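Engineer: Have a look at this one.
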Amino acid sequence: MYGIEYTTVLLYLISFVLMSYILKTITKMMDYIIYRITFIIVVLSVLSNAQNYGINLPITGSMDTAYANSTQDNNFLSSTLCLYYPSEAPTQINDNEWKDTLSQLFLTKGWPTGSVYFNEYSNVLEFSIDPKLHCDYNIVLIRFASGEELDISELADLILNEWLCNPMDITLYYYQQTGEANKWISMGSSCTVKVCPLNTQTLGIGCQTTNTATFETVADSEKLAIVDVVDSVNHKLDVTSTTCTIRNCNKLGPRENVAIIQVGGSNILDITANPTTSPQTERMMRVNWKKWWQVFYTVVDYINQIVQVMSKRSRSLDSSSFYYRV
């Protein structure tokens, strides 16, 4: 009897000693692991902090949003500027060194040599089809011409906003505009656009679908036309297809890294007064027409004030933005 009790007590003692040893071993292992992990975290934290020279900014909403950054007070040292001008400008200036001269003048305003790019275009149509807005800031000089007010106004609406567009097959389908942002954009050497609104039975309202002469003309011999019709109503279209293309587009929002300077004209063309344009910061300006040298001098003198109403953007944009946005 006593032997059994001694054996039981001995087993308890052995179990207790064994359990104590196991717990001590586990404790040492855990301490080792914790110390190692803590050491690694401390080392990585030091390394990551040593390399963090950037500014943490929340990325929310549109990429056009203007954020204050470390270069804002350094005269845009890390930015690029594209200046677009009509081909008549270098012809009148007649100086092979004029771009170098302007680059040196921009340098006095804080824009390093090589950060300003000069881009020539021949006419409004060419520029609207292929603008190549690749710089952080893009400023377009447009010479006011009597009779081209509508083309200039619609060019401004086109390049001051982003558009997502798709081709239209007007020979097979009827089309309707679904809201204020939905427009039809027509481009070409001579665009005449006619429409025939349809009722629920696809019969013409005030027009005959089989006779384009009865259609309503909404654009006549224009290079660029942004067509706005009654929303939620099907329309049959007739367009001068040999000299013109038309696309179904949705306005996505302002392209805030673009500004337009109207050269000459008694009044500035204000697209913000257009009921189809959402209120926005004015990025259209006017300078008096004298000579092109005077125009460029004015731009250089006020370049930093002009850029302040714009928002820098890192994406490069070209004509694909208007048609097939990528």
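For all residues, glycine too, the Cβ spot is worked out from N, Cα and C.
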Engineer: Quick test of reading the record: Swiss-Prot lists a disulfide for Cys196. Which of Cys165, Cys207 is on the other end?
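Structural biologist: According to the record, the bonded cysteine is Cys207.
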Engineer: From the list Cys135, Cys244, which cysteine is recorded by Swiss-Prot as disulfide-linked to Cys191?
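Structural biologist: Swiss-Prot lists the disulfide between Cys191 and Cys244.
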Engineer: Cys82 has a disulfide partner in Swiss-Prot; which of Cys135, Cys165 is it?
Structural biologist: Cys135
Engineer: Measuring Cα to Cα, how far is Gly206 (Ca(2+) 1 binding site) from Cys244 (disulfide bond) in Å?
Structural biologist: 25
Engineer: Near Asp228 (Ca(2+) 2 binding site), how many other Cβ atoms are within 10 Å of its Cβ?
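Structural biologist: Cβ-Cβ neighbours of Asp228 (Ca(2+) 2 binding site) within 10 Å number 15.
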Engineer: Taking only the Cα atoms, work out how far Val229 (Ca(2+) 2 binding site) lies from Cys249 (disulfide bond), in Å, as a whole number.
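Structural biologist: With distance taken Cα to Cα, Cys249 (disulfide bond) is 13 Å from Val229 (Ca(2+) 2 binding site).
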Engineer: Out of Gln177, Thr214, which of the binding-site residues has the smallest number of neighbouring Cβ atoms within 10 Å?
Structural biologist: Thr214
Engineer: Which secondary structure state does DSSP assign to Val229 (Ca(2+) 2 binding site), in the simple three-class scheme?
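Structural biologist: Note: Val229 (Ca(2+) 2 binding site) is coil by DSSP, not helix or strand.
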Engineer: Which one is closest to Thr214 (Ca(2+) 1 binding site) in space, judged by CA to CA distance, out of the recorded positions Cys82, Cys135, Asp231, Asp301?
Structural biologist: Asp231
